[in-house]
């Protein structure tokens, strides 16, 4: 039988501690145990949570549960005995909600500053396992109207077409756009293809009257700003 948290004094159970003390007082193990809900045969949910965090730390030192974002489905389920697809889905949903919530407060920040753009995008993009091209739509005050993913997969000029990049910008009456894509390798150094795509999009933006303010290449813990590097030419 699965060891039960009911054997613990009620005051020591994670859910009860959260309700009484607030989530900030709980350890990562306790918060993860609440998400998992139950343990596995012969192991309590606390033990499963502790093992999962240990394995994630081994794969990505200092990264914690973020390691799960880089793994394939089969690899996630093999990390810890008793971690089935349903529990993996619950954890991933919690992680992505946290990433989106951490990005939301920056929506009214002046995103002409490349560092602010990176801090806005990093929770969404820095840990993606595949390459994505995003367009940030801005109003006249450089506040975010929306963010749209226009391409997924290795970037090529055929995938990132000006028509797709500016279609929503025109429809939403955007004043300007900021381009961004991630490098799953973690290295934000722009490739020759990145430079060519940027050049074409800057030219297209000038023709239709929607300025491309910057293009950021997002890596893990760092970024390259085309504007800062003097590469925003067309």
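Each residue, glycine too, has its Cβ placed from N, Cα and C.
Some features that Swiss-Prot has for this protein:
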type	residues	note
BINDING	181, 183, 194	Zn(2+) binding site
DOMAIN	110-232	domain 'MPN'
MOTIF	181-194	motif 'JAMM motif'
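Neighbour counts of Cβ atoms within 10 Å were compared for the binding-site residues 181, 183, and the top value is held by 181. DSSP assignment over the motif 'JAMM motif' (181-194) gives 3 helix, 2 strand, 9 coil.
Note on residue 194 (Zn(2+) binding site): other Cβ atoms within 10 Å of its Cβ, all shown chains, come to 22. Mean model confidence of the motif 'JAMM motif' (181-194) amounts to 92 (pLDDT, 0 to 100 scale).
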